[in-house]
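Trainee: This is the structure, below, for whatever I ask next.
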Amino acid sequence: MKSWTIKALSKDGLRSIKSNKLLAFAAILTSVISFTLLGIFYSIIDITNDNIIKLQEEVRVVAFLEDDVEESEVLNIKEVIEDISGVESVIYVPSDEGLEAYKRDIVSEEDDDMMRIVEEAIDKGNNPIPDTLEIETENININEEVMNKVLELENVYKVSDGNLITDFLKTMSKYVRIFGIVLILILVISSTILISNVIKVSVFVRKREIGIMKYIGATDNYIRLPFIIEGAVIGVLGAGISALMVSIVHSLVNTNISETLVSFIPGFYITPLGNIMIILLPLLFFMGITIGVVGSLISLKKYLIV
């Protein structure tokens with residue numbers, strides 16, 4: 001098919017959209033809703049996964065030591081832990097240093113009540129923070145094995161890896177992913193059906209013209225192309241508008257909600273929009289074109305014998 005022919009048929013497809021403005025608008029609107037929700041769920045999953053990776057890199061196994069343990073004994077425990085398979089480093093944090101670090105955390109979180117409780121304990125000569133050993137492992141997946149071995153050591157009364165936030169994010173990511181996939185499948189199907197209906201109307205309106213074209217020997221592809229272009233244009237418009245909507249939502253979240261998330265999950269950050277769009281933008285346009293073309297082909301197959 002020659003380039004001027006393709007150009008003429010493309011204009012024909014665009015004219016068809018103008019002729020059925022209401023249905024085309026409904027199809028584009030449905031696509032925008034579907035793709036915007038897809039973009040939002042993809043962004044949530046991407047941000048959650050980035051934070052899981054970041055938090056996992058910061059997770060340390062912490063061994064809490066009994067009171068009044070001699071420093072020589074602490075060093076012995078430290079050497080034993082360093083010999084455990086998978087342990088990369090062990091740092092001894094005396095209770096005084098631990099208390100100062102805890103106070104800094106309280107100040108940064110602006111928790112006045114907790115600061116008052118800590119200061120009252122200090123005034124009474126009590127340090128609520130025990131001596132600890134911070135253990136860095138090769139891989140977070142071996143933390144539980146290391147924790148069990150450390151807990152068996154004398155003068156170690158508790159072991160923690162502070163992994164509750166990571167577990168929470170993993171669980172949230174799992175359910176968001178499942179819910180997102182189900183919802184997007186429903187919306188993609190509805191978009192395909194609606195775009196298909198727009199093409200059906202175009203086919204019906206031009207049924208006589210198509211019959212004449214078939215009679216004079218027009219090829220199947222020649223007849224199909226305007227409708228395929230019509231569906232593809234609707235899909236591309238829906239994808240483009242939804243990308244803009246996702247960008248706006250990302251900006252609003254980053255401006256207005258990120259501080260709240262950080263107060264709830266220390267160290268939480270919003271993945272930059274550019275990093276998200278590297279994958280999301282091609283995905284949206286691919287889905288837009290695919291849904292538009294598939295919707296067109298479905299209509300043509302049902303209403304045309306071509």
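Cβ atoms are placed via backbone N, Cα and C, with glycine included.
Taken from TrEMBL, the feature transmembrane segment applies to 21-45, 178-205, 225-253, 273-300. As annotated by TrEMBL, domain 'FtsX extracellular' applies to 59-159. Residues or ranges marked as domain 'ABC3 transporter permease C-terminal' in TrEMBL: 181-303.
Looking at the shown structure, what environment does each listed feature sit in?
Mentor: Tertiary neighbourhood of the transmembrane segment (21-45): same-chain residues 173, 176-177, 179-180, 183-184, 187-188, 190-191, 194-195, 197-198, 201, 234-235, 237-239, 241-243, 245-246, 249-250, 271, 276, 279-280, 283-284, 287-288, 291, selected by CB-CB distance under 8 Å and a gap of 6+ residues from either end.
The average pLDDT computed for the domain 'FtsX extracellular' (59-159) is 77.
Distant neighbours of the transmembrane segment (178-205): 16, 19-20, 23-24, 26-27, 30-31, 33-34, 37-38, 41-42, 44-45, 227, 230-231, 234-235, 238, 287, 291-292, 294-296, 298-300, 302-304; these residues of the same chain sit at least 6 beyond its ends, with a Cβ under 8 Å from one of its Cβ atoms.
Proximity of distant same-chain residues to the transmembrane segment (273-300), defined by a Cβ-Cβ separation under 8 Å and at least 6 residues beyond the stretch ends, is recorded for 31, 35, 38-39, 42-43, 46-47, 188, 191-200, 203, 223-224, 227-228, 230-240, 242-243, 246-247, 250-251, 254, 306.
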